[in-house]
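Trainee: Okay, these came from TrEMBL:
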type	residues	note
TRANSMEM	50-68	transmembrane segment
TRANSMEM	80-101	transmembrane segment
TRANSMEM	107-126	transmembrane segment
TRANSMEM	138-157	transmembrane segment
TRANSMEM	163-183	transmembrane segment
Amino acid sequence: MSILKNAFLVIVMLIVFISGMSGMHATALAAHEHGDSVMASEGQSLGEKITNLTSIVLVSMATLFFIVRIRGSAKHLSKMTGMMAAMATSMMASVVIGTILGLLLKGMFLSTVVGVVIGVVIGFFAGQTLSQVAALDGMMSGVMGGMMGPMLGVMVLGDHPVLTVLFMDLVFAVMMIALYQFLITEVRASLVKQPN
């Protein structure tokens with residue numbers, strides 16, 4: 001439990017640090033933009049770049065950790081738990097990464113295609129060792145997250161993009177901490193049931 005508390009505190013500190021580096025408020029990032037809209041600007045501010053890059057790195061590392069954890073615990077997880085773990089991992093990762101892709105690419109088509117492909121790959125690898133149904137469930141959730149993320153990213157281009165990424169990172173962290181706790185509980189229960 002103390003590991004989860006420490007992980008949560010580290011995530012919160014990173015979010016506070018990143019928001020501090022990005023100017024504390026998303027409107028400050030757009031304060032120097034001139035023209036009709038932020039969407040029409042040439043590029044992202046330094047704060048947006050740092051936030052997006054940090055988010056992609058942290059989400060990718062956490063997703064890889066969960067894929068390895070799920071695959072390593074496959075024999076201790078029920079089919080329903082495996083399906084839920086594959087679905088949660090692929091959905092949350094593809095939503096966050098898709099949101100950032102929508103912000104970076106400033107368009108729906110390419111960001112949706114890349115987001116869906118990433119979500120499907122994550123879902124497949126998260127569920128593959130558990131069952132075909134878990135892999136299919138993970139892949140379908142990856143498709144859904146890969147479509148929803150870019151929609152959100154494109155919608156918030158001119159309206160607090162940094163805060164949106166930080167919020168999605170927070171949602172990702174909360175969901176993954178809950179999933180981690182659930183997996184630990186399920187594995188422990190399975191180990192207790194096994195004869196010596």
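Using the three backbone atoms N, Cα and C, a Cβ is placed for every residue, glycine included.
Unlike curated entries, TrEMBL annotations are predicted automatically.
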Trainee: Mind checking which residues reach the transmembrane segment (107-126)? Cβ under 8 Å, same chain, six or more beyond either end.
Mentor: 63, 66-67, 70-71, 85-87, 89-91, 93-94, 97-98, 101, 134-135, 137-147, 149-151, 153-154
Trainee: Based on Cβ pairs under 8 Å, which of the stretches 50-68, 138-157, 163-183 lies most in contact with the transmembrane segment (80-101)?
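Mentor: Ranked by Cβ pairs under 8 Å, first place goes to 138-157.
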